[in-house]
Amino acid sequence: MPLLDSFTVDHTRMNAPAVRVAKTMQTPKGDTITVFDLRFCRPNMDILSERGIHTLEHLYAGFMRNHLNSERVEIIDISPMGCRTGFYMSLIGTPSEQDVAAGWTAAMEDVLNVESQDQIPELNEYQCGTYSMHSLEEAKDIAKTILAEGINVNKNDELALPESMLKELDVK
(Lines of atoms letter the chains of each structure in order from A and count residues from 1; the text may use other names and numbers.)
(Lines give C-alpha, C1' and ligand atoms only; values in the text may rest on other atoms or scores of the structure.)
Protein backbone atom coordinates (compact mmCIF):
# COMPACT_ATOMS: atom_id res chain seq x y z
CA MET A 1 0.00 0.00 0.00
CA PRO A 2 1.41 3.46 -0.82
CA LEU A 3 2.59 5.65 2.06
CA LEU A 4 0.25 8.61 2.46
CA ASP A 5 1.77 12.07 2.89
CA SER A 6 0.26 12.51 6.36
CA PHE A 7 2.31 9.57 7.64
CA THR A 8 5.68 10.96 6.52
CA VAL A 9 5.77 13.62 9.26
CA ASP A 10 6.84 13.04 12.85
CA HIS A 11 3.71 13.36 14.97
CA THR A 12 5.81 13.43 18.17
CA ARG A 13 7.24 16.82 17.15
CA MET A 14 4.05 18.53 16.00
CA ASN A 15 3.05 21.73 17.71
CA ALA A 16 -0.58 22.48 18.40
CA PRO A 17 -2.62 24.48 17.81
CA ALA A 18 -0.92 24.85 14.44
CA VAL A 19 -1.47 25.13 10.69
CA ARG A 20 0.52 22.98 8.25
CA VAL A 21 0.37 22.73 4.48
CA ALA A 22 -0.14 18.98 4.19
CA LYS A 23 -0.18 18.83 0.40
CA THR A 24 -0.48 20.91 -2.75
CA MET A 25 -1.46 19.59 -6.15
CA GLN A 26 -2.31 20.96 -9.58
CA THR A 27 -5.51 20.06 -11.41
CA PRO A 28 -5.41 19.36 -15.16
CA LYS A 29 -6.95 22.83 -15.69
CA GLY A 30 -4.14 24.50 -13.71
CA ASP A 31 -5.87 25.21 -10.40
CA THR A 32 -3.90 24.61 -7.22
CA ILE A 33 -5.55 22.52 -4.52
CA THR A 34 -4.03 22.94 -1.07
CA VAL A 35 -4.72 20.61 1.84
CA PHE A 36 -4.12 22.05 5.29
CA ASP A 37 -3.57 20.12 8.52
CA LEU A 38 -5.34 22.20 11.18
CA ARG A 39 -3.94 20.60 14.32
CA PHE A 40 -6.01 21.48 17.38
CA CYS A 41 -4.11 19.35 19.90
CA ARG A 42 -0.81 17.46 20.12
CA PRO A 43 -0.98 13.96 18.69
CA ASN A 44 -0.89 11.19 21.29
CA MET A 45 -1.01 13.79 24.08
CA ASP A 46 -4.57 15.07 23.88
CA ILE A 47 -7.75 14.39 21.95
CA LEU A 48 -10.79 16.45 21.04
CA SER A 49 -13.98 15.30 22.71
CA GLU A 50 -16.38 13.35 20.52
CA ARG A 51 -19.30 15.75 20.97
CA GLY A 52 -17.09 18.83 20.80
CA ILE A 53 -15.38 17.88 17.53
CA HIS A 54 -18.73 16.91 16.00
CA THR A 55 -20.28 20.26 16.90
CA LEU A 56 -17.17 22.05 15.61
CA GLU A 57 -17.50 20.12 12.35
CA HIS A 58 -20.94 21.68 11.86
CA LEU A 59 -19.90 25.21 12.91
CA TYR A 60 -16.27 25.45 11.78
CA ALA A 61 -16.87 24.66 8.11
CA GLY A 62 -19.22 27.61 7.66
CA PHE A 63 -17.23 30.02 9.79
CA MET A 64 -13.96 29.24 7.99
CA ARG A 65 -15.67 29.84 4.64
CA ASN A 66 -16.88 33.22 5.92
CA HIS A 67 -13.31 34.22 6.74
CA LEU A 68 -11.23 32.57 3.98
CA ASN A 69 -13.32 32.28 0.82
CA SER A 70 -12.50 35.04 -1.67
CA GLU A 71 -11.85 35.56 -5.37
CA ARG A 72 -8.59 33.59 -4.91
CA VAL A 73 -9.64 30.94 -2.37
CA GLU A 74 -12.57 28.53 -2.23
CA ILE A 75 -12.83 25.93 0.51
CA ILE A 76 -13.81 22.51 -0.84
CA ASP A 77 -14.12 20.61 2.44
CA ILE A 78 -13.23 20.68 6.12
CA SER A 79 -13.31 17.28 7.82
CA PRO A 80 -12.29 16.03 11.26
CA MET A 81 -9.29 13.72 11.50
CA GLY A 82 -10.02 10.17 12.58
CA CYS A 83 -7.49 10.56 15.40
CA ARG A 84 -9.56 13.50 16.72
CA THR A 85 -6.59 15.86 17.00
CA GLY A 86 -7.73 18.28 14.32
CA PHE A 87 -9.24 18.83 10.89
CA TYR A 88 -8.13 18.62 7.28
CA MET A 89 -9.16 21.52 5.05
CA SER A 90 -9.00 21.18 1.27
CA LEU A 91 -9.32 24.29 -0.85
CA ILE A 92 -8.71 25.77 -4.25
CA GLY A 93 -5.99 28.39 -3.94
CA THR A 94 -2.83 29.00 -1.93
CA PRO A 95 -3.52 31.14 1.13
CA SER A 96 -0.59 31.58 3.50
CA GLU A 97 -0.47 29.72 6.79
CA GLN A 98 -0.85 33.11 8.49
CA ASP A 99 -4.06 33.83 6.56
CA VAL A 100 -5.41 30.41 7.51
CA ALA A 101 -4.44 30.98 11.16
CA ALA A 102 -6.22 34.35 11.13
CA GLY A 103 -9.35 32.75 9.65
CA TRP A 104 -9.15 29.94 12.20
CA THR A 105 -8.84 32.46 15.05
CA ALA A 106 -11.86 34.40 13.77
CA ALA A 107 -13.83 31.15 13.38
CA MET A 108 -13.10 30.22 17.01
CA GLU A 109 -14.38 33.64 18.09
CA ASP A 110 -17.52 32.94 16.04
CA VAL A 111 -17.99 29.63 17.88
CA LEU A 112 -17.94 31.51 21.19
CA ASN A 113 -20.71 33.78 19.88
CA VAL A 114 -23.12 30.90 19.18
CA GLU A 115 -25.74 31.30 21.88
CA SER A 116 -27.62 28.01 21.86
CA GLN A 117 -27.56 24.46 20.56
CA ASP A 118 -30.44 25.22 18.18
CA GLN A 119 -28.10 27.56 16.25
CA ILE A 120 -25.89 24.63 15.19
CA PRO A 121 -26.42 24.16 11.43
CA GLU A 122 -27.90 20.90 10.12
CA LEU A 123 -28.58 19.62 13.64
CA ASN A 124 -31.40 17.22 12.75
CA GLU A 125 -31.85 13.58 11.86
CA TYR A 126 -32.20 14.33 8.13
CA GLN A 127 -28.89 16.16 7.68
CA CYS A 128 -26.67 14.64 10.37
CA GLY A 129 -25.71 11.01 10.86
CA THR A 130 -25.56 11.27 14.66
CA TYR A 131 -27.57 14.38 15.43
CA SER A 132 -27.83 13.60 19.15
CA MET A 133 -24.03 13.60 19.59
CA HIS A 134 -23.36 17.34 19.97
CA SER A 135 -22.20 19.69 22.68
CA LEU A 136 -22.00 23.43 22.13
CA GLU A 137 -20.35 23.73 25.55
CA GLU A 138 -17.55 21.32 24.56
CA ALA A 139 -17.09 23.09 21.21
CA LYS A 140 -16.78 26.40 23.05
CA ASP A 141 -14.22 24.88 25.45
CA ILE A 142 -12.14 23.81 22.44
CA ALA A 143 -12.45 27.31 20.92
CA LYS A 144 -11.38 28.93 24.20
CA THR A 145 -8.30 26.69 24.34
CA ILE A 146 -7.31 27.56 20.77
CA LEU A 147 -7.71 31.29 21.41
CA ALA A 148 -5.79 31.13 24.71
CA GLU A 149 -2.87 29.16 23.24
CA GLY A 150 -2.65 30.91 19.86
CA ILE A 151 -2.09 29.24 16.51
CA ASN A 152 1.42 28.41 15.29
CA VAL A 153 2.76 27.05 12.00
CA ASN A 154 4.13 23.52 11.55
CA LYS A 155 6.62 23.16 8.67
CA ASN A 156 6.98 19.88 6.78
CA ASP A 157 10.77 20.14 6.52
CA GLU A 158 11.00 20.40 10.32
CA LEU A 159 8.69 17.40 10.84
CA ALA A 160 9.84 15.07 8.04
CA LEU A 161 10.65 11.55 9.15
CA PRO A 162 14.04 10.41 7.78
CA GLU A 163 13.90 7.81 4.98
CA SER A 164 15.74 5.31 7.21
CA MET A 165 13.05 5.62 9.88
CA LEU A 166 10.24 5.28 7.31
CA LYS A 167 11.84 2.02 6.12
CA GLU A 168 12.22 0.82 9.70
CA LEU A 169 8.58 1.60 10.48
CA ASP A 170 7.27 0.06 7.24
CA VAL A 171 4.36 -2.28 7.91
CA LYS A 172 4.72 -5.60 6.11
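The backbone N, Cα and C atoms fix where each Cβ goes, glycine too.
Per Swiss-Prot, Fe cation binding site is recorded for H54, H58, C128, and the stated evidence type is sequence analysis.
For the binding-site residues given as H54, H58, the lowest number of other CB atoms within 10 Å of the residue's CB is seen at H58.
Counting every protein chain shown, 17 other Cβ atoms lie within 10 Å of the Cβ of C128 (Fe cation binding site). Those residues of the chain, other than H54, H58, C128, with a C-beta within 8 angstroms of the mean position of the Fe cation site C-beta atoms are T55, E57, I120, E122, L123, T130, Y131, M133, H134.
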